[in-house]
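K.L.:
Before anything else, here's the structure in question.
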Number of protein chains: 2
Amino acid sequence: MTENHETPDRALGRPRATTHDVLAEIGVELFTSRGYEHVSVQQIADAAGVSRRTFFRYFPTKADLPWGDFAREVERLRGELALVPDGVPLMEAVRHAVVEFNRVPPEAVDQHRARLGLILTEPELIARSQVKFLDWRGVIAEFTARRLDMEPTSFFPELVGEVALSAAVAAYRQWIPSSDTDLTTFIDTAFAALVDLDRLEQGVAAQLSTRLDPPAGPQENHDHRDNPGNAGEERQ
Amino acid sequence: MTENHETPDRALGRPRATTHDVLAEIGVELFTSRGYEHVSVQQIADAAGVSRRTFFRYFPTKADLPWGDFAREVERLRGELALVPDGVPLMEAVRHAVVEFNRVPPEAVDQHRARLGLILTEPELIARSQVKFLDWRGVIAEFTARRLDMEPTSFFPELVGEVALSAAVAAYRQWIPSSDTDLTTFIDTAFAALVDLDRLEQGVAAQLSTRLDPPAGPQENHDHRDNPGNAGEERQ
DNA sequence: AGACTAAATGACACAGGGTGCCAATGCAAT
DNA sequence: ATTGCATTGGCACCCTGTGTCATTTAGTCT
């Protein structure tokens with residue numbers, strides 16, 4: 001879209017005065033400290049030493065700021081899906097891809113948490129998320145469509161895209177305030193619950209929860225493959 | 001919230017110059033004919049014979065127009081859930097309530113389709129939907145929380161709320177352009193797929209789809225009045 | 001009838017988001 | 001030095017949304 005022109009050929013014309021990343025960083029900083037509504041685009045532009053008009057050449061909307069180069073992220077998700085062998089069952093494949101997609105390097109965790117906190121808290125950003133996630137859902141829908149031999153806009157592909165995003169968002173919401181548990185664990189648990197949805201009654205729910213509330217005795221091995229969800233905690 | 005003051009006690013003071021419904025009707029009409037972005041609040045106000053300032057006393061946002069009195073609708077959903085007997089399994093209960101919630105009288109179908117079409121098509125309205133649906137999800141989460149004996153903001157209640165909305169939205173998207181099939185059928189199918197998510201491979205998907213595409217086989221007359229909630233459940 | 005009360009409206013001003021337009025800028029190649 | 005060109009900055013403009021206040025229009029009380 002607007003992104004990805006950071007270093008195409010670096011040839012001629014007046015040099016750029018800023019970067020998506022710089023603007024995003026300054027913006028998120030101001031938003032978290034003063035609150036989204038109390039920060040004007042003018043202030044962000046000033047802090048970046050750039051005119052207001054130029055800001056809008058980098059980001060189409062003030063609300064796009066915390067998303068950084070999200071188009072690139074969506075491509076990363078597409079890549080994760082492409083890596084999954086054809087033999088893996090549909091939802092297992094989606095689950096694995098989404099989990100891997102949400103693996104963040106330890107040093108970037110705090111910043112990531114801040115961004116997600118903003119995105120899922122501030123009303124105007126919550127609103128914008130629905131639009132930003134359109135492509136995200138689309139990638140899942142495309143993958144599902146290929147698997148089911150259907151059109152990407154038909155019922156089940158769209159449903160799977162929608163549901164996968166639901167699981168991810170619910171996981172984000174729980175992860176944001178909890179500094180102990182790894183994000184991938186939440187994601188993985190969400191998908192596990194998704195697949196067991198029809199058995200989700202008091203007993204089952206409590207059992208699944210034990211994975212999240214830290215150490216309370218011997219965990220029963222809910223074994224999903226090589227257990228991708230439980231990594232990352234001892235990496236600080 | 002802002003609504004529900006249409007006819008409280010009808011006492012003293014200057015009489016109202018318009019209604020939520022009138023403004024909404026005019027707005028949706030203009031939006032569908034000229035496109036959301038090309039209609040200004042000023043134009044809507046003019047068409048309703050009201051000042052622009054007054055418009056914003058009825059609706060907090062231009063994007064709230066197509067939603068009508070959504071708070072009342074959310075209460076209706078809460079009511080549907082309250083009617084479900086305690087014995088019914090969780091997802092079955094949610095499914096039934098959402099299906100009933102989405103039953104629209106035949107004479108209101110066209111208008112409803114127009115509104116949903118706007119809401120799920122126009123970017124700014126798509127964005128707003130995320131905020132509007134917050135309470136909707138909350139109602140499902142509360143119900144789930146009571147069933148699982150958990151806090152409404154904990155993981156599984158939020159997940160179920162999120163997922164239920166996903167199913168509904170995916171159903172809406174498919175229903176909008178298809179004038180033949182009843183909305184409740186789509187909703188019901190979506191929930192059926194939800195519960196069978198882990199078995200959703202080529203064969204199963206195709207089988208579930210047969211309910212939607214009428215062409216082949218004995219066409220079951222869409223008599224939605226009878227068997228409301230279990231059109232798709234026949235697991236072993 | 002006339003004064004009083006109160007809810008709602010309308011007019012105005014203002015901050016902020018977003019866009020179109022055009023001249024100015026600064027670097028590279030000629 | 002001149003030219004080419006992508007990018008910037010400044011300006012005007014429309015729109016959304018909000019605070020403020022005088023004005024309207026009823027019902028009610030004396």
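Each residue, glycine too, has its Cβ placed from N, Cα and C.
Straight from TrEMBL, here's the annotation block:
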- B:17-77: domain 'HTH tetR-type' (DOMAIN)
- B:40-59: DNA-binding region (DNA_BIND)
- B:210-236: region 'Disordered' (REGION)
- B:220-236: compositional bias 'Basic and acidic residues' (COMPBIAS)
K.L.:
Going by DSSP, how much of the domain 'HTH tetR-type' (B:17-77) is helix, how much is strand and how much is coil, in residues?
P.N.:
46 helix, 0 strand, 15 coil
K.L.:
On the 0 to 100 scale, where does the mean pLDDT of the DNA-binding region (B:40-59) fall?
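P.N.:
So the average pLDDT across the DNA-binding region (B:40-59) works out to 98.
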K.L.:
Cβ under 8 Å, sequence separation of at least 6 from the ends of the DNA-binding region (B:40-59): give me the contacting residues as numbers and ranges.
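P.N.:
Same-chain contacts beyond the flanks: 2, 17-18, 20, 22-23, 26-27, 30, 65.
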